[in-house]
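A.B. asks: Structure in structure tokens, see below.
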Amino acid sequence: MRRHKEVNFVAYLLFSLLVLVSAALAQNCGSQGGGKACASGQCCSKFGWCGNTNDYCGSGNCQSQCPGGGPGPGPGGDLGSAISNSMFDQMLKHRNENSCQGKNFYSYNAFINAARSFPGFGTSGDINARKREIAAFFAQTSHETTGGWASAPDGPYAWGYCFLRERGNPGDYCPPSSQWPCAPGRKYFGRGPIQISHNYNYGPCGRAIGVDLLNNPDLVATDPVISFKTALWFWMTPQSPKPSCHDVIIGRWNPSSADRAANRLPGFGVITNIINGGLECGRGTDNRVQDRIGFYRRYCSILGVTPGDNLDCVNQRWFGNALLVDTL
């Protein structure tokens, strides 16, 4: 009888542990969970867990879906109140030119619809923090998709989102991977706003947004909502040892002593380091870095917010290897 009770007790403990682990995994949210939302009525805590007590929803404890932080009157809730359709069109003024590969693909509605899957984006902090994040996101992605040149009409920084697919004759971007195996005949070159590339980025991104991008990578270039979601996923997802772009720009990231020794301080420059630091940072003045800053300053001006400090990564050391590698 005692042996029977011991077996039952062990089974109960194992069952309880599985329930707790399952619940914990299911509740991961916010920037720690790739921008996932909590169930209705719950808040996402600053640590990335869902709940409805003060530990999750209280002032200073909540990162998204906070009390009083529900959708506003605009079409995208708080996001729509920070960037209007007319601002979007002004920022990406020449995206629909005949010379642009992405003509009539990138739209305000697609952006707003995609952002609903990442409720912390453009809705965290005060209005200045929200606008600064939007400006930074569009600056970095505009650099990746720019069709501008020095003497372009309205200047080079009015030509973001001109391109959709990587130019030239890109390869298949398919290193061997047992976790993210490439589908026959598929290529994983740069597509969309962030120009996501490689099977090891398409795979986890697709899993996070609920789309099989390993078998259908060209959805990033044919479905505008999915296209924006891939860029937002990259923006919201930490890449250890890198923080997420989101956490940096809203001021949530606290650099370690190693970061400070590497001159990686909070600001737009660290985001460039996250995205393409191995090629652009710590190498002296770089035209690509300056191009990103040029877009950022223009968008901050349109949105009516100051750009903040530490805009370049000229003296920063690269973060090094990460869970996800650079998109380009």
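Glycine too: its Cβ is placed from the backbone N, Cα and C atoms.
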A.B. asks: Taking Swiss-Prot as the reference, Cys162 is linked by a disulphide to which residue in Cys100, Cys182, Cys205, Cys245?
C.D. replies: Cys100
A.B. asks: According to Swiss-Prot, Cys174 takes part in a disulfide bond; indicate which of Cys182, Cys205 is its partner.
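C.D. replies: When Swiss-Prot is consulted, Cys174 turns out to be bridged to Cys182.
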A.B. asks: Of the candidates Cys29, Cys62, which does Swiss-Prot name as forming a disulfide with Cys44?
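C.D. replies: Matching partner in the record: Cys29.
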A.B. asks: If you follow Swiss-Prot, the disulfide involving Cys313 connects it to which of the following: Cys281, Cys300?
C.D. replies: Cys281
A.B. asks: Which residue in the list Cys50, Cys57, Cys205 does Swiss-Prot annotate as forming a disulfide bond with Cys43?
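C.D. replies: That record, Swiss-Prot, gives the partner as Cys57.
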A.B. asks: Based on Cβ atoms within 10 Å, give me the single least packed residue among the disulfide-bonded residues Cys29, Cys43, Cys57, Cys182, Cys313.
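C.D. replies: Minimum Cβ neighbour count within 10 Å, taken over the disulfide-bonded residues Cys29, Cys43, Cys57, Cys182, Cys313, occurs at Cys57.
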A.B. asks: Among the disulfide-bonded residues Cys50, Cys62, Cys162, Cys174, Cys281, which residue has its Cβ surrounded by the fewest other Cβ atoms within 10 Å?
C.D. replies: Cys174
A.B. asks: Would you report the average pLDDT that the model assigns to the domain 'Chitin-binding type-1' (27-68)?
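C.D. replies: That region's mean pLDDT is 70.
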A.B. asks: With every protein chain in view, how many other Cβ atoms are within 10 Å of the Cβ of Cys44 (disulfide bond)?
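C.D. replies: I count 29 other Cβ atoms within 10 Å of it.
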